[in-house]
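Enquirer: Take this structure first; my questions come after.
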Amino acid sequence: MTVDKEASHHPEQDMQETGKVQLSKLQWFSVCVGLYLTAFLYGLDSTIAADLQGPILASLGNLNMLPWVGTGFLLGSIATVSLFGSLYTKAEVKWLYLGSIMAFEVGSAICGGAPNMEAMIVGRIVANIGGEGIYLGGITYISMFSSPARRPFYTALISAFWGLGAVLGPVIGGAFAQSSATWRWAFYINLVLGAVTAPVFIFSFPRYSAHRHLSVWPHVVTLDWLGALLNAATYALFITACTYSGSQWPWSSGSAITLWVMTWVTAMLCVLQQWTSFLTTKEDRIFPVWCLKSRSLVLLYVGTASVNAINFFNIYYIPLFFAFTRGDNAMTVTIRLLPFICLLIFTALLSGVLLPRLNLYAAWYVVSGALALAGSVLMFFITATTSARNIYGYEILIGAGCGLTLQTAYTIALAKSPAAKATAAMSFINVAQLGGGALGLAIPLATQRLHRHCG
């Protein structure tokens with residue numbers, strides 16, 4: 001692992017070493033700018049609604065559907081991440097990437113113009129389907145057009161820009177909510193940036209396909225479509241069950257019980273189908289099963305899922321806590337979240353600088369988990385009358401713990417995986433990141449309602 005050493009090379013020198021296809025310095029620079037900008041926007045959109053929940057609820061109503069503003073966005077990505085990972089190994093990269101950008105823009109337009117909560121949720125899901133294609137497309141471009149020596153550095157920058165967008169999302173969202181532009185422009189801004197940068201994507205991005213000399217369709221047909229369907233259905237059913245049980249439907253109702261049974265049956269079918277390679281092959285399975293044979297990748301998966309569950313829970317629910325208990329507006333709750341955001345950014349940057357030099361990955365994860373756990377335990381005991389000063393202190397502990405390992409897994413996973421399987425390894429870690437975030441929003445909501453139901 002020599003991420004810090006890679007950064008010391010002159011950028012123009014790096015741009016000349018482009019692996020399979022030779023690109024000019026200007027073209028490679030344009031590609032990098034486009035990739036990092038879209039990664040930033042995707043990260044921004046994943047959390048920008050955290051401080052918009054109050055204004056969105058005031059405009060659109062339907063409190064029971066409010067959790068879907070966060071979980072719906074993550075559902076779009078977690079349900080399609082494995083599919084995109086497979087598609088990028090078989091289809092034309094440029095057109096798949098441009099199609100993902102288009103889906104992201106369409107979803108953003110739906111959110112900005114949403115007349116009701118249902119339309120908002122649909123827009124969030126569509127936007128994140130596109131966002132996931134953007135993220136994995138960026139990693140694929142890097143693996144296709146950079147030399148093996150430079151690849152970890154450029155890939156790390158994609159995850160870094162996503163992380164930067166994710167931590168700044170609540171701040172920017174709160175600013176839009178309090179401005180005359182209103183919360184709708186937090187989504188419309190993606191259309192403006194997309195229109196400005198469209199020429200870069202259309203004219204500067206090179207075409208590439210792993211099967212460029214052959215027809216693409218026969219390779220697309222061999223995708224594990226059944227596995228993709230079962231994977232998406234499992235996540236959709238689970239998040240729906242967590243969201244509706246105890247709110248739309250009583251826990252003991254036939255509807256809630258049926259939904260939970262369908263969730264577990266679908267999950268078992270998905271595991272069985274992947275285990276037996278039913279209607280697919282071992283090489284084309286939607287889930288990168290080979291990753292489970294690596295102890296390092298499995299531990300990275302667990303660590304990434306855990307830290308992102310904590311991260312997304314606090315980003316979305318701390319603003320709601322202050323809005324409902326103190327009556328704070330969008331800008332005020334943004335300020336309340338700053339201790340968490342600032343420590344998250346600081347420790348994430350600190351991790352990027354120190355970890356490659358210290359090379360103490362296991363110890364780093366232990367410290368990260370200890371800080372996040374300590375802050376979370378303290379946060380468990382807060383009430384409506386707990387002083388804001390105490391809550392800020394808990395936020396600092398959690399933010400520091402999450403930031404230390406927020407994006408670390410991507411760089412380690414690249415180092416632990418063969419170059420030919422870089423996209424699969426990244427999608428494996430991305431499942432952990434997005435799945436952890438989705439679970440961090442859905443499970444606490446369900447357990448709180450279940451606790452209330454049980455008395």
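Every residue, even glycine, has its Cβ placed from backbone N, Cα and C.
Summarising the annotation, TrEMBL assigns transmembrane segment to 26-44, 65-89, 125-147, 153-173, 185-205, 225-245, 257-278, 298-325, 337-355, 361-382, 394-413, 425-446. Look at TrEMBL and you will find 31-455 tagged as domain 'Major facilitator superfamily (MFS) profile'.
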Enquirer: Hey, which bits of the same chain come close to the transmembrane segment (425-446), Cβ under 8 Å, at least six residues off its ends?
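Expert: Contacts with the transmembrane segment (425-446): 46, 67, 70-71, 74-75, 77-78, 81-82, 84-85, 132, 135-136, 139, 155, 235, 238-239, 241-243, 245-246, 288, 291, 297, 300-302, 304-313, 316-317, 409-410, 413-414, 416-417.
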Enquirer: Residues of the same chain, at least six outside the transmembrane segment (26-44), with any C-beta under 8 angstroms of its C-beta?
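Expert: Long-range Cβ neighbours of the transmembrane segment (26-44): 11, 15-16, 18, 101, 104, 131, 134-135, 138, 141-142, 145, 154, 157-159, 161-166, 168-169, 172, 190, 193, 197, 200-201, 204-206.
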Enquirer: Which listed stretch (65-89, 153-173, 337-355) has the most C-beta pairs under 8 A with the transmembrane segment (225-245)?
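Expert: Looking only at 65-89, 153-173, 337-355, the most contacts with the transmembrane segment (225-245) come from 65-89.
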Enquirer: Are the transmembrane segment (298-325) and the transmembrane segment (257-278) close enough to be called in contact, which here means at least 3 C-beta pairs under 8 A that are separated by 6 or more residues?
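Expert: Stretch pair does not touch.
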Enquirer: The transmembrane segment (337-355): which same-chain residues, six or more beyond its ends, come within Cβ distance under 8 Å?
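Expert: For the transmembrane segment (337-355), the list is 3-4, 50-51, 156, 160, 163-164, 167-168, 170-171, 311, 314-315, 318-319, 361, 364, 392-393, 395-396, 398-408.
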Enquirer: Given pairs 6 or more apart, does the transmembrane segment (153-173) have at least three Cβ pairs under 8 Å with the transmembrane segment (361-382)?
Expert: no
